[in-house]
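Colleague: The structure that follows is given in the form of structure tokens.
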Amino acid sequence: MKLSMPRFDQAPVLVVGDVMLDRYWHGGTSRISPEAPVPVVKVDQIEDRPGGAANVALNIAALGAPASLVGVTGDDEAAESLTNSLKAAGVVARFQRIADQPTIVKLRVMSRHQQLLRIDFEEPFNTDPLALSAEVYSLLDGIKVLVLSDYGKGALKNHQALIQAARKRGIPVLADPKGKDFAIYRGASLITPNLSEFEAIVGHCEDEAQLVTKGAQLMQELDLGALLVTRGEHGMTLLRPDQQALHLPARAREVFDVTGAGDTVISTLAAAIAAGEELPHAVALANLAAGIVVGKLGTAAISAPELRRAIQREEGSERGVLGLEQLLLAVDDARAHKEKIVFTNGCFDILHAGHVTYLEQARAQGDRLIVAVNDDASVSRLKGPGRPINSVDRRMAVLAGLGAVDWVISFPEGTPENLLTHVKPDVLVKGGDYGIDQVVGADIVQAYGGEVRVLGLVENSSTTAIVEKIRGQG
């Protein structure tokens with residue numbers, strides 16, 4: 001399945017559900033309390049993040065999609081913190097504020113990146129479902145997907161009215177379900193329970209075959225358009241009526257914190273579907289997104305650049321021939337992993353042993369090697385009529401096959417200054433016997449603090465000499 005980055009900027013999504021504030025107290029622990037056998041945490045940082053339905057909306061906005069949110073809060077400091085955070089992220093939030101009830105707050109005490117304790121401040125909201133529905137109805141005509149983010153806290157009491165209103169307008173409804181009565185989601189386009197939530201409804205599943213069978217029965221009973229069961233380290237399974245089940249393996253490189261992973265799944269699904277992606281592609285994107293977010297601490301959102309880089313890795317563009325946009329993303333990803341970027345350039349018309357040795361030496365100057373190749377027109381200008389012998393596509397394909405080379409890109413100019421300005425490598429390498437001040441682009445690299453290194457050429461290795469020898473024998 002080939003993946004690409006959707007046009008999220010044209011994919012408005014409305015999220016309705018249980019809004020909460022995730023609050024973190026960060027501090028150090030160096031002693032045990034004399035009052036009880038518990039650690040003493042000296043709090044040095046307090047952090048607020050949108051949680052629940054607010055985190056879903058935040059994730060959608062972080063992908064670049066227009067996001068609106070309808071929910072219920074108290075009339076308190078926590079509600080103000082939520083409102084300010086969402087506004088800063090570009091989320092249009094419309095809250096029904098209840099004066100005599102607190103905003104739901106999940107307080108986590110953290111030390112050394114570990115959660116020591118969670119304290120919940122909450123009461124089930126006694127809301128007017130008609131007022132909330134009216135707010136939703138007023139926004140339906142401007143959206144492409146409706147998300148019901150249900151945590152069972154009382155904001156959602158009229159699921160069927162919302163689902164039917166959206167269906168009448170042809171708007172897909174995605175629901176992240178809660179509780180032991182999935183009948184309230186009847187008619188939804190897609191529901192996304194995790195395995196525990198799913199088995200609480202259908203019973204324990206011995207294997208994937210039983211999961212598929214029970215899932216198909218549930219879809220038929222509830223008239224669901226599709227069912228996505230998220231299964232932790234086992235990935236996720238997409239079920240659709242009369243179609244083969246789609247099992248996707250987990251994509252997490254490292255699991256650090258699963259908080260909010262379900263929010264990331266449904267938000268990526270919603271944004272992708274709103275952008276026109278087919279459901280299997282949207283699920284694959286959500287699977288990639290979940291693999292990224294579980295590597296972060298606490299309730300976290302995935303950004304568009306992070307998802308784009310994950311798509312590149314999935315499509316095999318982590319190495320090889322890239323365009324400028326792909327290369328810049330790959331470089332950003334490498335830098336995020338503290339890797340040193342090395343850059344060299346040339347015509348590389350007929351690749352020979354001298355080239356291979358030089359490129360291996362260049363790669364040894366850092367962690368990642370970019371080889372910029374003159375295109376055919378620029379080679380002809382530099383080398384004269386009859387050159388290049390090999391087209392730029394063939395030259396790049398051969399270079400990309402070398403173990404020392406990570407990324408190959410072509411450029412039309414005679415020299416690579418434009419590329420250097422965009423890429424900003426840590427090290428610029430050139431082969432020859434001249435001084436650093438004679439290396440083209442050295443001034444650009446040195447201006448931002450990069451290094452320039454000159455490597456010696458391998459004797460008796462020259463493309464021009466090889467070409468002349470071939471022509472002489474012809």
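For all residues, glycine too, the Cβ spot is worked out from N, Cα and C.
So Swiss-Prot has the following annotated:
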ACT_SITE  Asp263  active site
BINDING   Asn194, Leu195, Ser196, Glu197  ATP binding site
REGION    1-318  region 'Ribokinase'
REGION    343-474  region 'Cytidylyltransferase'
Colleague: Find, for the listed recorded positions Glu197, Asp263, the residue with the lowest Cβ contact count at a 10 Å cut-off, counting only other Cβ atoms.
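Modeller: Among the recorded positions Glu197, Asp263, the sparsest Cβ neighbourhood within 10 Å belongs to Glu197.
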Colleague: Within 10 angstroms of the C-beta of Ser196 (ATP binding site), what count of other C-beta atoms is obtained when all protein chains are considered?
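Modeller: Cβ-Cβ neighbours of Ser196 (ATP binding site) within 10 Å number 10.
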Colleague: Around the recorded ATP site, report the further residues of that chain (criterion: Cβ within 8 Å of the mean position of the Cβ atoms of Asn194, Leu195, Ser196, Glu197; site residues excluded), sequence-ordered.
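Modeller: What remains near the Cβ centre is Pro193, Phe198, Glu199, Ala200, Val229, Thr230, Arg231.
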Colleague: In which DSSP state, out of helix, strand and coil, do we find Asn194 (ATP binding site)?
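Modeller: SS state of Asn194 (ATP binding site) = strand.
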Colleague: If one looks at the chain holding Leu195 (ATP binding site), which residues at least 6 apart in sequence have a CB under 8 angstroms from its CB?
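Modeller: Set apart from Leu195 (ATP binding site) by at least 6 residues yet with Cβ under 8 Å, we have Cys205, Val229, Thr230, Arg231, Gly232, His234.
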Colleague: I need the CA-to-CA distance for Ser196 (ATP binding site) versus Asp263 (active site), whole Å please.
Modeller: 16
Colleague: Output, ordered by sequence, the same-chain residues six or more apart from Asn194 (ATP binding site) with a CB under 8 Å from its CB, or 'none'.
Modeller: Val229, Thr230, Arg231, Gly232, Gly262
Colleague: When the region 'Cytidylyltransferase' (343-474) is classified with DSSP, how many of its residues are helical, how many are strand and how many are coil?
Modeller: 55 helix, 26 strand, 51 coil
Colleague: Indicate whether Asp263 (active site) is helix, strand or coil by DSSP.
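Modeller: Note: Asp263 (active site) is helical by DSSP.
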Colleague: Pop the Cα-Cα gap between Glu197 (ATP binding site) and Asp263 (active site) into the table, whole Å please.
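Modeller: With distance taken Cα to Cα, Glu197 (ATP binding site) is 15 Å from Asp263 (active site).
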